[in-house]
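Q: Okay, these came from Swiss-Prot:
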type	residues	note
BINDING	122, 126, 127, 128	(6S)-5,6,7,8-tetrahydrofolate binding site
MOD_RES	230	N6-(pyridoxal phosphate)lysine
SITE	229	site 'Plays an important role in substrate specificity'
């Protein structure tokens, strides 16, 4: 028997408690600008911390390999139905433990080793699961990468030529560091013309898509994968949306293909996040995410920094630091000392090594969750520029830290 009154986390494991408490303070006291991070709601965390973590439930609702699943069946079916409603999908699988595993399931379900796939080059904003040589996707399949044009938009003409030349079995659209809108309809037409499956990895854009402020790929793609955190603001996990034509293959690829028992407590958190995303407030939030990103990009440009592609049309931007003579690694560390968190990131065809880079990636989802509007976004961008323009000036760092402290006090994450 467990005694909730005495067997608390603090009593059982003070070391873990201390680390968690320190991380909570960091999240409250730092401005979070990592584009793939966000703050999830107390309701989502309550679902994740529930006794659903105790339940094994191999299989799918109504078709389990364990008894006692009648209540978790309700939870998973709610998550499925809400995901379908949110994105207008025919089918949804809420069991993937991550976005990478969702992608892996698509490959496992639709492809054979040695098949050809096409995806955006990692060096130009793609994701490692879209064919990076060290990733499973790059080891199991022949990879043809498309890239960006001179304006740093996707080179759709070159993509189409490559597709007709190589006849891939799967064409992937989606990115981890691309700020513009993607023409999913054009991708779909190319895929159909060459007889390929069309997959979209919308992990970065899912929340924007759910709110209608970024194009929805679901009407055009055979299968769409995503994480459930990032802009969607749910728990860490994955989701697959798919047409009737491929649903059986994809579901079988998840279970029993690459996963066993699903994480029912996380699926409950996903269901709660989908419910939150169906509310009008979520649309207003995502609209503000885009406004804040635009305000930051325009301010950084005015301060002499180059935004890759010249602008953002989403939540994310890549900042080319070469005009300031500083690397992404140095900028990440400097801004961290100022209590502004971001990540170093390669720019298209970056001359620097991946652990150094010539750029940083900035995103507005987490700052917008705090309640930041354009005024605070502009101030934050100016603080970033102040630090990058005076990397060796401790007085500037101290001033920026003080301004960040005031901002984070004025806009707490959790009250």
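Placed from the backbone N, Cα and C atoms, the Cβ positions cover glycine too.
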Q: Does DSSP give residue 128 ((6S)-5,6,7,8-tetrahydrofolate binding site) helix, strand or coil?
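A: SS state of residue 128 ((6S)-5,6,7,8-tetrahydrofolate binding site) = helix.
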Q: Under a three-state reading of DSSP, tell me whether residue 122 ((6S)-5,6,7,8-tetrahydrofolate binding site) is helix, strand or coil.
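A: Note: residue 122 ((6S)-5,6,7,8-tetrahydrofolate binding site) is helical by DSSP.
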Q: For the binding-site residues 122, 128, which Cβ has the most other Cβ atoms within 10 Å, all shown protein chains included?
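A: Output for this query is 122.
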Q: At 10 angstroms around each C-beta, which of the recorded positions 127, 229, 230 has the fewest other C-beta atoms nearby?
A: 127
Q: Let's check the environment of residue 126 ((6S)-5,6,7,8-tetrahydrofolate binding site): how many other CB atoms sit within 10 Å of its CB?
A: 24
Q: Cα of residue 128 ((6S)-5,6,7,8-tetrahydrofolate binding site) to Cα of residue 230 (N6-(pyridoxal phosphate)lysine): how many Å, rounded?
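A: Each residue's Cα considered, residue 128 ((6S)-5,6,7,8-tetrahydrofolate binding site) and residue 230 (N6-(pyridoxal phosphate)lysine) end up 17 Å apart.
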Q: Other residues near the (6S)-5,6,7,8-tetrahydrofolate site, CB within 8 A of the CB centroid of 122, 126, 127, 128?
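A: Here the nearby residues are 119, 120, 121, 125, 129, 130, 131, 132, 135, 175, 176.
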Q: For residue 229 (site 'Plays an important role in substrate specificity'), which DSSP three-state class applies?
A: coil
Q: Could you tell me the C-alpha distance between residue 229 (site 'Plays an important role in substrate specificity') and residue 126 ((6S)-5,6,7,8-tetrahydrofolate binding site) in angstrom, no decimals?
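A: Given the Cα positions, residue 229 (site 'Plays an important role in substrate specificity') is 19 Å from residue 126 ((6S)-5,6,7,8-tetrahydrofolate binding site).
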Q: If you measure residue 122 ((6S)-5,6,7,8-tetrahydrofolate binding site) to the residue listed as 'N6-(pyridoxal phosphate)lysine' at Cα, how many Å is it?
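A: Taking the Cα atoms only, residue 122 ((6S)-5,6,7,8-tetrahydrofolate binding site) lies 19 Å from the residue listed as 'N6-(pyridoxal phosphate)lysine'.
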Q: How long is the line from the C-alpha of residue 230 (N6-(pyridoxal phosphate)lysine) to the C-alpha of residue 126 ((6S)-5,6,7,8-tetrahydrofolate binding site), rounded to the nearest angstrom?
A: 16
